Amino acid sequence: MCSRVPLLLPLLLLLALGPGVQGCPSGCQCSQPQTVFCTARQGTTVPRDVPPDTVGLYVFENGITMLDAGSFAGLPGLQLLDLSQNQIASLPSGVFQPLANLSNLDLTANRLHEITNETFRGLRRLERLYLGKNRIRHIQPGAFDTLDRLLELKLQDNELRALPPLRLPRLLLLDLSHNSLLALEPGILDTANVEALRLAGLGLQQLDEGLFSRLRNLHDLDVSDNQLERVPPVIRGLRGLTRLRLAGNTRIAQLRPEDLAGLAALQELDVSNLSLQALPGDLSGLFPRLRLLAAARNPFNCVCPLSWFGPWVRESHVTLASPEETRCHFPPKNAGRLLLELDYADFGCPATTTTATVPTTRPVVREPTALSSSLAPTWLSPTEPATEAPSPPSTAPPTVGPVPQPQDCPPSTCLNGGTCHLGTRHHLACLCPEGFTGLYCESQMGQGTRPSPTPVTPRPPRSLTLGIEPVSPTSLRVGLQRYLQGSSVQLRSLRLTYRNLSGPDKRLVTLRLPASLAEYTVTQLRPNATYSVCVMPLGPGRVPEGEEACGEAHTPPAVHSNHAPVTQAREGNLPLLIAPALAAVLLAALAAVGAAYCVRRGRAMAAAAQDKGQVGPGAGPLELEGVKVPLEPGPKATEGGGEALPSGSECEVPLMGFPGPGLQSPLHAKPYI
């Protein structure tokens, strides 16, 4: 038995360390619950040695070029598969069929050209399918019809020129942005429950009413960066809208109250980068629930009819997005100034409703504007001039009259002789002549191309937001969609950090996430605790200014629940490394104790054999003849002490030998038991 210990020890060590060493593919990181991150691995195929109990597999940015029928064999429990940012050009028929439990599939940023009826065969439980940023030109009719449980479908940034009818009764989000779909046929969307529809950057000139006839549950509509010349009339019928994005439709030069009537539920409105010179005066009446307004990069004419805007923003609960880019264009005395920084007097409103006679040596020049009925009159003191001094003759102030006809680039957009043109995605831009600078060439340069002393308001850091909400007493869901949309850097991976603010352990925990995730659930938290969560780009060097978003959330008290959401686990294999190491140390200690016991037992058995007359290793000539020499009393025997055998066993020996001639057998020693 003891001789087998050296053979069993390596086997026991292999069994103890096997799951931690052999269960994770090379170049990957494995963590619980059953999540494999292959972020540093480079290979043209999917790793083959993935543990069969894997729930989440992340192989983004691995250089994968092809998939075959056996790429995902032996992974029946896989629920989340991230293949984004690879070089996959085609998907074999039925390649995902072994993944019967797959719910999330991310193929963003590959080189796919076509989607067939067999591409997603067998994915009956698929809920999220991301196909954005590919080269897809053709989708066969019925390619998604078998995906009965699909909730999100993203096809943005492809090369689609036509779209087959979509019959997805459970779909909640559909993103078709930035394709070449110049028109969408009525009835093409059989998605009665869709909540968010994104049609940005398609080049649409109008929206057909039949397109929205079945969208009874629409809350979020994005039609930005198109060629719309006015607010589509069909929008008035979407009374459930809470978010509307019209940004980048540079041909829209006017917002009429009747265009937006019936949208009382609206909470977020984006009318930035249009050609607006004014805004409807009754925004609070039109949108009583409005929380966020974006109106940046419009050529506003900051005269009296617009004087209500600043006080309304400051006094209401509405947040103005990008206030540093919401500036005046006209008149020249206000050009380039922040709209929120203007006082009532800066808008050139008449002091009274009647003409006042004020002694002055200069002629009175009034702005050709009408007094807003909602503004209270302001009385002038006798020492104050009635109006501002006339503008320099080189640039005459514009008058308030009929809004010009919609054009690609509205007239008088650029000041001081600047040339207006449309930039990328139809954004207005001005080419300024020598000596002038600014968004609309409103600032004059001095000698030596030094800017004029006009105060320039420093641009505050951008505010990126996170949506954090509790999922269970031990988990928080972090919404990354707004952060990804608002970030100005190219994101490949994200760093998510969190810490417990209400507990004794406030150590920072860091996770690495792919940039393709729209949300992430942080698990293994403490119930009834407040956590701080931050997200930032992952990369060497310092985080760019304004690219870190943080938020706080509180987990609810503990409740009995049998459901735990399947999410990605923490990065790092520290628990998997500690457990095998402790097992190895314990096995080594047990082996050492067993070996020592075997050695002592062997020596004791050898001593017993010698006492019984067996020939031992140290037998003399007389013992070979069958004659045993009597024990001679040694020095220790005369002292009455015990004598130690060569084998190490302690024995009792007689105090005196037999006086005979030595023919009788001596008294044998009795070893201790």
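Each residue, glycine too, has its Cβ placed from N, Cα and C.
What Swiss-Prot annotates here:
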type	residues	note
DOMAIN	24-51	domain 'LRRNT'
REPEAT	101-122	repeat 'LRR 3'
REPEAT	193-214	repeat 'LRR 7'
REPEAT	240-262	repeat 'LRR 9'
DOMAIN	298-351	domain 'LRRCT'
COMPBIAS	358-370	compositional bias 'Low complexity'
DOMAIN	405-442	domain 'EGF-like'
DISULFID	CYS409-CYS420	disulfide bond
DISULFID	CYS414-CYS430	disulfide bond
DISULFID	CYS432-CYS441	disulfide bond
Candidates CYS420, CYS430: member of the disulfide-bonded residues with the richest Cβ shell (10 Å): CYS430
Arithmetic mean of per-residue pLDDT over the domain 'EGF-like' (405-442): 65
Non-local residues, at least 6 beyond the ends, that sit with Cβ under 8 Å of the repeat 'LRR 7' (193-214): 156, 169-187, 220-229, 232-235, 237-238, 245, 248, 425
Neighbouring C-beta atoms (10 Å sphere around the C-beta of CYS414 (disulfide bond)): 25
Distal contacts, the repeat 'LRR 3' (101-122) - CB-CB under 8 A, six or more residues away: 60, 76-91, 93-95, 128-144, 146-147, 154, 514, 516
Euclidean distance between Cα atoms of CYS420 (disulfide bond) and CYS430 (disulfide bond), Å: 5
Cβ packing number for CYS441 (disulfide bond), 10 Å threshold: 23
